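Each remark here refers to the structure printed beneath this line.
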Amino acid sequence: MNEQLKQEVASRKTFAIISHPDAGKTTITEQLLLFGGAIRQAGTVKGKKTGKFAKSDWMEIEKQRGISVTSSVMQFDYADKRVNILDTPGHEDFSEDTYRTLMAVDSAVMVIDSAKGIEPQTKKLFKVCRMRGIPIFTFINKLDRDGKEPLDLLAELEEVLEIDSYPMNWPIGMGKGLLGLYDNFHQRIEVHRPDEHGGERYVPLNDAGEIEGPHVLKESTLYDQALEDILLLTEAGNEFSEERIANGELTPVFFGSALTNFGVQTFLDTYLQFAPSPSAHKDEDGEKISPYTEEFSGFIFKIQANMDPAHRDRIAFVRICSGIFERGIDVTLSRTKKKMRLSNSTQFMAESRESVEHAVAGDIIGLYDTGNFQIGDTIFQGKMNVDYEKLPQFTPEMFMRVNAKNVMKQKSFHKGVNQLVQEGAIQLYKTFHTEDYILGAVGQLQFEVFQHRMLNEYNAEVVMTPMGNKIARWIKPEDLDESMSSSRNLLVRDRHDQPLFLFENQFAMRWFSDKYPDVELSALL
Ligand code: G4P
């Protein structure tokens, strides 16, 4: 085996941060980037106050609405590791984008607001990580504010998410009374505001797990309370198990405050020690491809057009699954068997994009795309002939008819629709025969982003007519008889030319199934 490749892959840590909006994902990302030296100033990732804009908030609409619509990628080196953070949109209307991003990571960090506990979006995203069996690390944030009792938060993790937890550190007080973190793992106390509490940032613990000799922290009842909690956890809590962490069955829990940068570095150091490096990825048949396979391969989990308004470019994000990428290598696009040379590629640092010369399994690279790629495509070098497993697709629930407002602008209208559909921003269906365009989405905001981007990026004003909620069900082409279409369902084709019905409601769908009992109807995820 290529030793250098092995070492390089082992140094890769590729993860996503998941959370409910406002839990502090952006703030913690920013702190991590500061530690990695990828940015020099707080407020670079999202600076509402400084007037700067998040690098991850590429689109105007994100700035206007204060939400993160698309995922971005940030890379930095820290403690001999190459860290790739994949940002994910917090808003639930963009969960499809997030789900695809989670296919490209090896672990996830779940940020929880200590006052709010497990919120709905956290729960949903957690489920996807669970489905994939990836390790999940938990950061309970905002310790500088009064929140729920730490023991209650652990109980919530176990009850609501049904995952065992292991606290890596434990708060001594919180809010205004926050004294520090009892760091089980490093056998020390990390002092909050060291100047006020004895001067040192870290106070070592003796073999009995206590501070040796007199110390100002010991004068507080909060210290005793923390020791009591820890005793309880040692006796009744879960045991630390690297194997169970790796299987996604046990989540290590860290406490801290992203805003005041308390506990974040300890989290990063410990996380990088236990977070998995890239492992084998499954292909379509469930076979695993080792990341150490020397030939390059990867899949496209995201396409983003017009990231840089000045250049109007389109970038396909590739998660490398095996081997080495060198600029200019020749690859085959699995779907079309088309051969191509990858000479125009980029990687993402927080403040800039740089041309990438060399990358290995675990890394994310961006390829300038001239329309060759689609979401979910696999590319491979040589004779690998691999096709990675399909990305999850969701059954849209809301539908709109869409037309160009100005008939003279048909060309840019079609171009825009097709590009945004290829990006996976929205689904497109066409009616049989008349070929009317119908858009499908999981969340309302997707339509708004579509409309906004059509105007801003393609100069095409669109007219959208709501069709309301429908139930989309696919039918095998061989089962289809066009006379099955009635006033309660609409027969359309998806972008792969597969037929499906949009049913008015459950009743209409049941009526159909009763009438055609042998016809199988299927939904996506
Ligand atoms: P998100 O990406 O998960 O949506 O959350 P984000 O980091 O934007 O944080 C949401 C709000 O919570 C921000 O306040 C942020 O300053 C605050 N916050 C994040 N971490 C902490 C923490 O550890 N302690 C406290 N007290 N607050 C925290 P905001 O007022 O909405 O925004 P801003 O105007 O401060 O940027």
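Residue numbers in this text run from 1 along the chain shown.
Glycine is no exception: its Cβ is also placed from the backbone N, Cα and C atoms.
Noted in TrEMBL for the protein shown:
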type	residues	note
DOMAIN	10-279	domain 'Tr-type G'
BINDING	19-26, 87-91, 141-144	GTP binding site
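Annotated features, which come from TrEMBL, shown on the structure.
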residue: Ser19; record: GTP binding site; Cβ neighbours (10 Å): 23
residue: Asp22; record: GTP binding site; Cβ neighbours (10 Å): 13
residue: Lys25; record: GTP binding site; Cβ neighbours (10 Å): 27
residue: Thr88; record: GTP binding site; Cβ neighbours (10 Å): 26
residue: Leu143; record: GTP binding site; Cβ neighbours (10 Å): 25
Inset, instruction - Filter the binding-site residues Ser19, Asp22, Lys25, Thr88, Leu143 down to those with CB closer than 6 A to an atom of ligand 1; keep them in sequence order. - result: Ser19, Asp22, Lys25
